[in-house]
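The following features are taken from Swiss-Prot:
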type    : residues               : note
BINDING : D244, D255, E419       : Mn(2+) 2 binding site
BINDING : D255, H335, E380, E419 : Mn(2+) 1 binding site
Amino acid sequence: MDQLANHFKSHIAELNHRVAEIISRENLSGLVIHSGQPHRQFLDDMDYPFKVNPHFKAWLPILDNPHCWLLVNGRDKPQLIFYRPVDFWHKVADLPDAFWAEHVEIKLLTKADKVAELLPSDISQWAYIGEHLDVAEVLGFKTRNPDAVMSYLHYHRASKTQYELCCLRNANEIAVKGHLAAKNAFFNGGSEFEIQQEYLTATNQGENEVPYGNIVALNENAAILHYTKLESVRPESRHSFLIDAGANFFGYASDITRTYAFEKNIFSELIEAMDKMQQEIISMMRPGVKYVDLHIATHQKLAKILVDFDIASGEPQSLVDQGITNVFFPHGLGHMLGLQVHDMGGFLHDERGTHIAAPDAHPFLRCTRTLAANQVLTIEPGIYIIDSLLNELKQDSRKKQVNWQTVDLLRPFGGIRIEDNVIVHADQNENMTRDCGLN
């Protein structure tokens, strides 16, 4: 925690610098960042789990307290309007006394609808940053989530401060504990639901605290890219296990995937080949490299694996050009990682918000940035037996290049994905996931 405290001052200074720059350009007095407010379930008296505005938690690790506000102008000490009602129904947030509290001026808000009394008397030149535009309108904000401000902040969010890198390392360390527990639960015969519980216990995080819904998939369920059902019944046969699960630390996310074979067989050999390929792609990461080029290189390497394992036949580059590799690897190589699992700014190529879309041949790629120091990205190649995509391929001449016997052999295993979280440094890569002991 001492290391975080030491880095926090410079983190706030960097955020202040960014705000000062953009509000000067846009002739604004400052930004009013809303933590958010609860969403009530339809026809009920309960709220959905609260998720804080990522722009708010960029400044302060306050994740579970709605109706808070942050006033920043890049010059003065940030002002935190901290919601602390009189409430005998719910737990009221404690007064802030963590290491970060000395870096903000704190005002207490006891009634959410009285916040106007604590806002600047003239907010005509202040911009509201948040989800609840109706609230902003009632309060009199004329400028709400202006495009120029949002693009600027999202573009620069890709460059992580030392405080943020520390948070991301901690998020990886926590998640690795969960992954090791989940692996053990798989080999001990656990159901998907039981494996999930072991993961959550090891990370000491509830399902509403982890940054996304964990994917815990046994056997053919591993072919479903965003599988979150969690079967409670143990399968009769145990072939494979894919887990895509992260952890949260101070609002920063880890996002890690591993795949395991229950026995030594062609699938376990395929996992080894995919792991080797993933490490080769990570070794190619450096400032100045385009993420799109890494994605294309992954398809070229995957094509060779398809041939080596007699899943497909032909020249590897031809398999890429014909879109055959897309059938087995339909998603993107990865994405930016930070305050959000799919962090903002992956398509922005300047601070004005110039958008460069994914290539037409790879529409699901979530990042087209050129790599730079202090960026954090995931690298997550995969190979899957997805019947809906294979059925489309069967409708044309490409079907002759697929060995359907091998496909049938692999179908019960579902698929493979291996995902690490990597920091790009000026002269090296830092694989946080592997450094935390998950191989």
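Counting begins at 1 with the first residue displayed.
Every residue gets a Cβ built from N, Cα and C, even glycine.
Swiss-Prot feature annotations superimposed on the structure.
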residue	record	Cβ contacts under 8 Å, 6 or more apart
D244	Mn(2+) 2 binding site	N214, I215, D255, I256, T257, R417, E419
H335	Mn(2+) 1 binding site	V341, H342, D343, G346, R366, C367, L377, T378
E380	Mn(2+) 1 binding site	T257, Q278, H331, L333, G334, R417, I418, E419, D420
So around the Mn(2+) 1 site, D255, H335, E380, E419 aside, which residues have their CB within 8 A of the centroid of those CB atoms?
D244, I256, T257, G334, L337, V341, T378, I379, D420, N421
Hey, for the Mn(2+) 2 site built from D244, D255, E419, who else sits with CB inside 8 A of the CB center?
I215, A245, G246, I256, T257, T378, E380, R417
Tally every other Cβ atom lying within 10 Å of the Cβ atom of D255 (Mn(2+) 2 binding site).
25
Can you tell me how many other Cβ atoms are located within 10 Å of the Cβ belonging to E419 (Mn(2+) 2 binding site)?
21
